[in-house]
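Engineer: So TrEMBL lists the following for this protein:
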BINDING   Cys99, Cys104, Cys110, Ser340  [4Fe-4S] cluster 1 binding site
DOMAIN    111-329  domain 'Radical SAM core'
BINDING   Cys125, Cys129, Cys132  [4Fe-4S] cluster 2 binding site
Amino acid sequence: MFVETGGLVDVCHKSLLSCRRRRIQKEPNRHTTYKRTIVFSATSNHETSDSQIPRVPNVATSEKTWKPQWLRTVAPESVHTRYGELKDTVKKLGLHTVCEEAQCPNIGECWNGGTATVMLLGDTCTRGCRFCAVKTNNKPPPPDPWEPFKVAQALAAWKLDYVVLTSVDRDDLEDGGADHFARTVELIKLVKPEMLVECLVGDFGGNQQSLERLANCGMEVFAHNMETVARLQKYVRDRRANYKQSLKVLKSAKDLNPKLITKSSIMLGLGETDSEVRQTMLDLRSVGVEALTLGQYLRPTTQHLNVVEYITPERFSQWEAEGLEMGFLYVASGPLVRSSYKAGEYYMKNIVETRRSLQSH
């Protein structure tokens, strides 16, 4: 107790009030959180109007937001399951998977189904996209020269007939790692010719020689992700990536090898409008893209972009229908869908095999 301006003041009480004031000023209330992270229902009175308002994601907030029920997944079991077998093989051979590095929510479902997306050229990316959980560094360690052999060895042992290969961006390498990537595909085809290979690649800085090396290495599906709509590119992706360059990469792959199936992916929930998503889909069709996936953006850490909006499963279904009407051969659209989601691979396999059959006659 002490005397202040002629009166007695309880120091403990005063300190408590001061702490409360600081906490209130520092921490926004729940209403503030929900105003920024909006969950639209299929029957929301605000869905039509709000979905037309251009918004921008940011990293200025660190408070946790609650995910809707449809985004909750079951943790994978690792004992006596295919998930455990794949995890052991990946660890023993020193391989990396985008499933682990990017914290994919479908890892249990895909790995127990015998599907994994192998990540080449190490686990450290030279780019710093604001949505991605993969480690970044301007000067990552040099690629493992034995990696193509290790990957081929692993895939020869796995009971798979369709595999997805991807990689980190390697702007520190002259060809962006294209030859390393292509040699991996060629070795896979050597040990397991019947295996269908999808390659999810970066833009290689627009290097045409790198794209040509990849487009003709023996893969069946060439995938390159647009990630988001044109307006949000500068907020979401690394400054070295851009909308026009991604469209050019997809067009170049098709021009270099017309037999390839080209594929791309868009994340939703970053503040895009319906008209912007629709235009992106039309732009992808204009350069010959035949397969498309759309999924919900999920914030990996508080250091990444916040989720502006959670899209309902019903809305994703509407996007799937629109995509098929536009002429895409395949559209996988759902909250947990990712660019290499296994449901798409079964369908992609059918497309590839049908084309092979037609070309042989």
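Placement of Cβ uses the backbone N, Cα and C atoms for every residue, glycine included.
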Engineer: Relative to the Cβ position of Cys125 ([4Fe-4S] cluster 2 binding site), how many further Cβ atoms are located within 10 Å?
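Structural biologist: Taking all protein chains shown, Cys125 ([4Fe-4S] cluster 2 binding site) has 23 Cβ neighbours within 10 Å.
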Engineer: So around the [4Fe-4S] cluster 2 site, Cys125, Cys129, Cys132 aside, which residues have their CB within 8 A of the centroid of those CB atoms?
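Structural biologist: Near the [4Fe-4S] cluster 2 site, the remaining chain residues are Arg127, Gly128, Phe131, Ala133, Val134, Thr136, Val168, Asp169, Asp238.
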Engineer: How many other Cβ atoms sit within 10 Å of the Cβ of Cys132 ([4Fe-4S] cluster 2 binding site)?
Structural biologist: 22
